[in-house]
Structure formats: C-alpha cells, structure tokens
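Asks: Questions regarding the structure given below will be posed in turn.
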2 protein chains.
Amino acid sequence: MQRILSTDLAAHPYEKVLVEGWVHRVRRLKSVAFLILRDAAGLAQVVLTDPARAEALTEESVVAVTATVTPNPQAPGGVELTGPEIRVHAAVDVPLPFELHRPALTAGLPAQLDHAALALRHPARRTALRIAAAATAGFRSALEAQRFVEIQTPKIVESATESGANVFRLDYFGRPAYLAQSPQFYKQMMVGVFERVYEVGPVFRAENSDTARHLTQYTSLDAEMGFITDHRDVMAALTRTLAGMVGEIVARTGHETPEVPAEIPAVHFAEALTIAGAPADEPDLAPAHERALGEWARREHGSEFVFVTGYPMRKRPFYTHPDPADPTWSNGFDLLFRGLEIVTGGQRLHRYADYEAALAKTGEPLAAYRGYLDAFRYGMPPHGGWAIGLERLVARLTGAANVREVTAFPRDPHRVTP
Amino acid sequence: MQRILSTDLAAHPYEKVLVEGWVHRVRRLKSVAFLILRDAAGLAQVVLTDPARAEALTEESVVAVTATVTPNPQAPGGVELTGPEIRVHAAVDVPLPFELHRPALTAGLPAQLDHAALALRHPARRTALRIAAAATAGFRSALEAQRFVEIQTPKIVESATESGANVFRLDYFGRPAYLAQSPQFYKQMMVGVFERVYEVGPVFRAENSDTARHLTQYTSLDAEMGFITDHRDVMAALTRTLAGMVGEIVARTGHETPEVPAEIPAVHFAEALTIAGAPADEPDLAPAHERALGEWARREHGSEFVFVTGYPMRKRPFYTHPDPADPTWSNGFDLLFRGLEIVTGGQRLHRYADYEAALAKTGEPLAAYRGYLDAFRYGMPPHGGWAIGLERLVARLTGAANVREVTAFPRDPHRVTP
C-alpha cells in the first residue's frame, strides 16, 4: 500500500490507508488511547481501543500504521485513524532527554544543541529551518530573475588575507592554508566572467566571540554585480532580492514577515550617528546604535529595514570604493533589519592602479593577492555587491534570541559537535 | 541612458543605445576597424571609421559604447553599432598571457589555472560553469518537487571519522578539528526532522591524488530520504532528479545532453564483474571496469547511464545497509555516466543496535559518533540517499578531459591558488 501523508488523510474518508512517522505522543484514557503520529507534513490521531497496546509505543519510535480514515469533528483535521495495525520500524527503548510535544522546548539551549538530532524535530526548530530554506530559495530565484549566475568558490585559500586575523589555519599537505572568511575576492573575479554572480555557501570566522549573534561557520548569501553607477544600484538590486526572499518565506511557510519597502530608507553614516545619539567622531556603529536606528526607521518611515551608507573608509576593507565627493567616506553600506546588521555591501574599486594604492596603504605584500589582482589587471567594470548573513536574518524574522536556535548544528568557539 | 545587452541590439534598429563590456577583439582593416565587444550575453560589432582610434582599445579593456544600431546582414546578429562614442571604464596596459578570442584556449591548463580570472572569460570555460549552475538549479527544483527540504550542515567537525584518512586537520581555537568529507551523518540526522533533505555544498578530501578526476574540494549534490523500502526507492528518486538536471541544462544552455531513461539499467556487482571481464573476487570496480560497463550499457541498453548495485559490504562504509537476502552484498549502488562513477548511494542502517554492531566491527570508539548515534537512539525510519559529484558530471557532459577545466578555481594537492 502506498503511504500517504497526515495532511492528506481528510481526502480519503472511510478508506484504508498507510501512514508512517514518529510517535509524537500517546494519550492514555481509561478505555481508549490516542497515538499522535508525526510525519513531515503534520500530525495524525490514531485511536487504540485497547490502551494496553499503547505501552510499547514509546515516544519517537518510528511506526507504520495501516488503518481506516474515520471522520470525527473533534479530531485534529476532522479525521482520525481507527482499527489500526501498527508495525514498528524502530523502537525507542531509552528515555528522551526532553519532550518534543510541548508548544516550546523546555530544555535549555545547551541541552538542545547537545541533542540536536532530537531537538530539531520540534516544530518550532523545524519551522526556523524551513524559513531558512525558503529565504535561500527566494534569494536564488530573485537573483536568477536579475540575470545573476550561481558560482561555487574555494573554501581553502593560500593566504590569510585582510589582516590575517580570525582565520582558521589548516594543514594542506604539509603547508599552511586557511579557511575562506568570505567569497569576496572570488565573486569579484567572477564579475569579469558573468557580470552578475551569486553564491550560497559556508564562510568561516575564527572569532573568539561567544555571543548570541556570532557563529564560527555561517551561511553567507553573496552577490556581486558589474556595470553599476555606484552603490545605489547595488542597494536597489538587494532591495528587490530581499522582497523575493520575503515573498518566498510567506509562500512556503505562511510565516508573518515584514514588508520590504519599494525603497528602503537610507541614512548617511554621519546622520546615523546623530540619530543614534553617538559622538560625531565614532568610526563605527555599536549594537546599541544599530538598535536606535532600527527604532528610528520604524518610527519615522514605518520600515523594519534601514540602509546606513557612507561608512568611513578607515573602517571598511581595502577594496571599498571611496565616495568620489569626499574620500574620507565610502560607497559602502550596511542594511539593518530590526536594529541588527544583516547585510554588508558596497561599491568596490575596479581599477588595477587603485588596488595597488589601496594595498600599499595596508602594508600587505601584493604577492598574496596575485590571482585576485589579475582580474583588475585584465579589465574589470565598476561593480559592487553584498553579503547577507542567513542565520541572523532568520533569527530576526523568528524572534529567536540566539542565532544558534535557527542553525541546525551551530559552531562556536566552544562547540564543534554534533 | 539605460545599458542594453548585445543580444538585444537587433530589437533596436536605428536607435542610439548604450552597450558595455570587454574589448574581445579589434580587427583593423585599411580604412576601418571593428571593435568586437563582449558582454555577459554575447558579442557586438562596433564600426570605427578611423582605425587609429582602435589603438587605445587593448583587448580586455572595459568600455562603454554609445552608438547607433545599424542593420547589416553581414554583421553577426544582423546589426552593428556605428558612430560610436567610447568611454573607457578600465584600460588594460599589459600584454595578456593568452588570447581569449580563439575558438579554444591555446594556453596549457596550468597557465589557464594560474590566470583563472582571465581564462574563465573564454566562452568554452564560461559555458562549462553555466552548465554546472544549470545542473545545480535542476537538482534543487527536481528535489523540491519531490518534497525534499534544503539544509546547510557543518563543514568543521570534531572527529576524523570513517577511518580518519584523507581529512584536512585544522586548528580550532587550539584544539584539533577536521574538514567534513561529506554531509553524510548530518543529512541522515536531518531525515529525522524533514524525512527528505538535500544539500549543495563543498566537501573536502585530503587525498594526495593528482589525477584528472580528483579535487581536494568539490561540490557535492547530496540527498537523503526516509520511509523507503530499500535502495531501489532511492535509485528511482535519483533517476527523476537526474532527468530534472538534464532538462534544466538543455533549457538554460541548449547544450546537447543525453536522455535519462525512465528506468536506468541496473546490474548487480557480481554481474558487473563478469561484464567487465574482471575476476569474480574483485572487491571493487577499477576505472577500466567502469569504462567497460559504460560501453556495455550503451551497446545493450542504449543508455549513457548504468547503475551498479549490491557492492560488497566490506568495501562500503559502516552505515551501509546489507542486502537482507545475502549480507555479504550491500544495498549500496553507484551510478556510472559514460563509464565514470558520478554518484554513490544506497540504503543506510536505521536501527541503533545495528549501528552499535557495525561500529564495533570497525574498532572505532562509539563516543566519536555520539551526536550522530543520537538520531538512531531516538527513532529513525528506513532511509537512504546519494551524493553526486558536480564537477565529474559536468566534465563528462562537456567532454572535458580534466575536472579542473570545469571548476572555477580548482584545488588539488599542488594548487591552492588563486
């Protein structure tokens, strides 16, 4: 018999069907017991007229149930399964470290992460990962519609570039090599090939920061585009992309998501400091400043999103394009969502001589950037791009206090398992 | 003026337009010169009535051309651009290491790889990467249509599992950790969450094999599905997925691709040895055997694809499900495409006790697999899956002799740049 999903049961009244899934819960009454079966789609109620039979059905055991679909307005979904024959695929014979059938997991986060294979089955954890998958799918389809081509780039690199801090070092056949902190250089090089490219992939940060918003591996949604006028073209493409992501989340999960304005409000960094009540000589925005800006954007513009543009050049990476009108400011931007930075982007340098000059300032040897500089030596258009931190976005969307709650198997300075 | 692409020119006869791109080639005749401009979509011919103006237009310089679209049946695409004003975004003032405008790159592979930022602009290299992107998109959409959910899993792991060979070791805040050889354990654990999952991501093999078909980082197209009867359900889902991939490649690139049969021919390992003329006690298929099987499948079944099933248990990983009829054979399979293994898959063990027994045989400590085993301790359905090596598939599709030709920035034991 062909298995059907729990959500399809109502379409088969009075038929004998096969459902398969996990024993989500067993409720024992005096003369009857209810087995609540969980599958990928939802829950199904199975009626056991002999409550003694429920004894063997421990929670999370995997079962196949052949039974008759019986309408019952009191049952969830309007039907229940009666007269079941139950076959056990895998029996659980140890106590669970925590229960999955409560509305929220009562176990603390460390216990959830230690037992991720179990905790992720909880509907709340599962929903966060479905939102992440929808956001990623929306990112791709919005970019494909804008002529971006997907690329895959190396995660093992020779040089600890960009100051060399916060990179993981590995043994590459007896030589040192490093895990890529971002696909930045590669996506820029690929602008020379496809003009517009994107990548969804892991990035690695050896940052010893045990906070609610840092991970040592996270998923970066990167894009880069050529033949722009300046960073505002990048911001426009990003805005369209965010709208596609939000649309896909709503379409797939029904999760309540904020509207992406057709034009997201943007403030220059200097103005942002004033709004946040920060001293005018601050070189960057602290988390408290970002929160203040998030509140300002909601209050003044009714927007959950706000761009901050023109960050000081001295706080942006060497490849950042300066503001032609005043080169102490950059054509770089961040996007804040509900007061948290979730995207960094901007226009990049595109002329070889500008790279030579910018790298000379850093004091780093040009040789470390040889393959990257090749792209500029052999002709590159004005270009720019961005990187979205997937886990931060999903945490902000779901209201999760910690990015670890929306990551299947998070990595931080103290956790490298499971 | 809004930029248009080279392929849209014919729709704008006699209009003044802006095109932007790279100087692909300059052809100088006595009284006229032709600038061939390359953009992401194709080529455009620009007529320069003063050939002296062409001197400054070095190959690969990036230019913006404002000109009039003039029909000319002799020109490629039926139109050319006349009366151009040319603005240079970035001038190339060094000789190129090789030319891009020949039908094939004449530089050897090492030179191409050393100058990847340039070589990848060649139409042949570009096409291979477009095929890879199309294959990946087709993989995802075929799986989404079959209820698979996309996941992202850790690339940094605590244990050098599965014998510990061929893994890259890294320094994780003073402790050893390793780069994941595959998402195998994670995708299995996620079957407990979503039943059907997939991942597109990098995997890492510290294999000191400098061959035409090995990379130390490659893109693995992984899928895993629960509630199967045995490996044949997995092979059926894989066949549907391959058909979707091939369909997307044809739709996006027009590349001539082989048909995926509704049922791909399958031979048992023991029979495969006979067909390949190998001794009956061979434990695995050598490359020559795979080629012989590829030829057999084409000859006997008219298929470029062939499944080999039932590989001996002793050559498959510990989590492989044995053939219930004869446990010296496994429910594992490989898929050969044109005589090369491009997919490995099979049914996995799903009961905790079976994992305990299988790991006891390997002699490895159970503790190294704690988080993974949690999934089985707390209930897992019968399941299986596969992993497709993207670069091998694309190399086979394009006829590339070396996987490095179809990888943007390949990594091998001797190459970790650019």
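Numbering starts at 1 and runs along the chain as it is shown here.
A Cβ is built for glycine as well, from the same backbone N, Cα and C atoms used for every other residue.
For reference, TrEMBL lists these features for the protein:
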SITE      A:P76  site 'Important for tRNA non-discrimination'
DOMAIN    A:139-418  domain 'Aminoacyl-transfer RNA synthetases class-II family profile'
BINDING   A:E162, A:R205, A:T344, A:R348  L-aspartate binding site
REGION    A:184-187  region 'Aspartate'
BINDING   A:R205, A:A206, A:E207, A:R213, A:H214, A:L215, A:E341, A:G389, A:L390, A:E391, A:R392  ATP binding site
Asks: Report the nearest neighbour of A:L390 (ATP binding site) in space among the recorded positions A:P76, A:R205, A:T344, A:R348, comparing Cα positions.
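Replies: Looking at Cα distances from A:L390 (ATP binding site), the smallest one goes to A:T344.
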Asks: Taking Cα atoms as reference points, which of the recorded positions A:P76, A:T344, A:R348 is nearest to A:R392 (ATP binding site)?
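Replies: Checking each of A:P76, A:T344, A:R348 against A:R392 (ATP binding site), the shortest Cα distance is to A:T344.
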Asks: For the region 'Aspartate' (A:184-187), jot down how many residues DSSP puts in helix, in strand and in coil.
Replies: 4 helix, 0 strand, 0 coil
Asks: If I take the alpha carbons of A:R205 (L-aspartate binding site) and A:H214 (ATP binding site), what is the distance between them in whole Å?
Replies: 9
Asks: Please work out which residue of A:H214, A:R348, A:R392 has the most C-beta neighbours within 10 angstroms of its C-beta, and give that one of the binding-site residues.
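Replies: Its Cβ has the most other Cβ atoms within 10 Å: A:R348.
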Asks: Among residues A:R205, A:A206, A:E207, A:R213, A:H214, A:L215, A:E341, A:G389, A:L390, A:E391, A:R392 annotated as binding ATP, what is the maximum Cα-Cα distance? Answer in Å.
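Replies: The widest Cα-Cα gap among those binding residues is 19 Å.
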Asks: I'm trying to understand the geometry here, so how far is the Cα atom of A:P76 (site 'Important for tRNA non-discrimination') from the Cα atom of A:E207 (ATP binding site), in Å to the nearest whole number?
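Replies: With the alpha carbons as reference points, the distance is 47 Å.
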Asks: Taking just the CA atoms, what is the gap between A:E341 (ATP binding site) and A:R348 (L-aspartate binding site) in Å?
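Replies: Approximately 20 Å lies between the Cα of A:E341 (ATP binding site) and that of A:R348 (L-aspartate binding site).
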Asks: From the Cα of A:E207 (ATP binding site) across to the Cα of A:R348 (L-aspartate binding site), what is the distance in angstrom?
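Replies: A:R348 (L-aspartate binding site) to A:E207 (ATP binding site), Cα-Cα distance: 25 Å.
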